[in-house]
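As written in TrEMBL, here are the features:
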- B:86: Fe cation binding site (BINDING)
- B:96, B:99, B:132, B:135: Zn(2+) binding site (BINDING)
DNA sequence: ACATTTATGCAACATAGTTGCAGAAATGTT
DNA sequence: AACATTTCTGCAACTATGTTGCATAAATGT
């Protein structure tokens, strides 16, 4: 609890019950979750508030968007290095095609890629798909 | 024209005016386009037909989905090696944050990544973001 | 040129996400 | 602790995106 409040404060957000609950949900899941997932887990909470909560957590650098092959937005908790102005979520994501879970592989970084003259790269997103440990 | 018909036939699709127009649009754009883009370019065509046209072209391996940080689906033409059952779009995609265009870098392949024991990888998707040649 | 199969266009529906605004809760100040 | 200020929450309405069912039209096979 106190932890969660501290994270919120250090990221410039007010401490509210909903934000703590959403963050706790992220901690429990340990995988990328969508707005719909959050809504399912917190049926009493207002849809719109949850959209805005996710947006606030993302803008402040507490969660980051996980790019995935389906069209709903998904998010996961950022590592401790993230802050609002500078996300460092340059790790690889893995989506299991059996259980459909997408997870962060925090230890595996996106390799540097050489591009032709004229391109400059700021950030990247690498999604690997296949079968995860639990489904193998 | 004849070319487009040939491509459609070799991928097991019937040759229709709309499919040729959509394919021609892909050829002209040379970048990843969304349903909305196609609709804008072909205002007379029916929305639903365009959704189904894109789905048919994707399933048959003529176009492939380009994963991007925004949530609308985008597609681009596949290289010649693609067929319905086996897509080979394992090249890198680049999204320019100024012009917002996403392009295929056909010559740059996704590098092999070593994952921990238990993961098996079937396919991957690498999106690099930054500034493109024209916007530099 | 005819029968069969598949594609198109329309209406209605379903899902995902946004905006405006009033009341509630959190924070800063005294 | 009480107040003023700022920000958050919850509701209603709305926009955008994508899907399904079905009748008609067009493409293919014989």
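A Cβ is built for glycine as well, from the same backbone N, Cα and C atoms used for every other residue.
Unlike curated entries, TrEMBL annotations are predicted automatically.
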Against chain A, in sequence order - binding-site residues B:99, B:132, B:135 with Cβ under 8 Å: B:132
Sparsest-packed among the binding-site residues, when each Cβ's other Cβ atoms within 10 Å are tallied, from B:96, B:99, B:132, B:135: B:99
Chain-mates of B:96, B:99, B:132, B:135 with C-beta within 8 Å of site centroid, Zn(2+): B:97, B:98, B:100, B:101, B:131, B:133, B:134, B:136
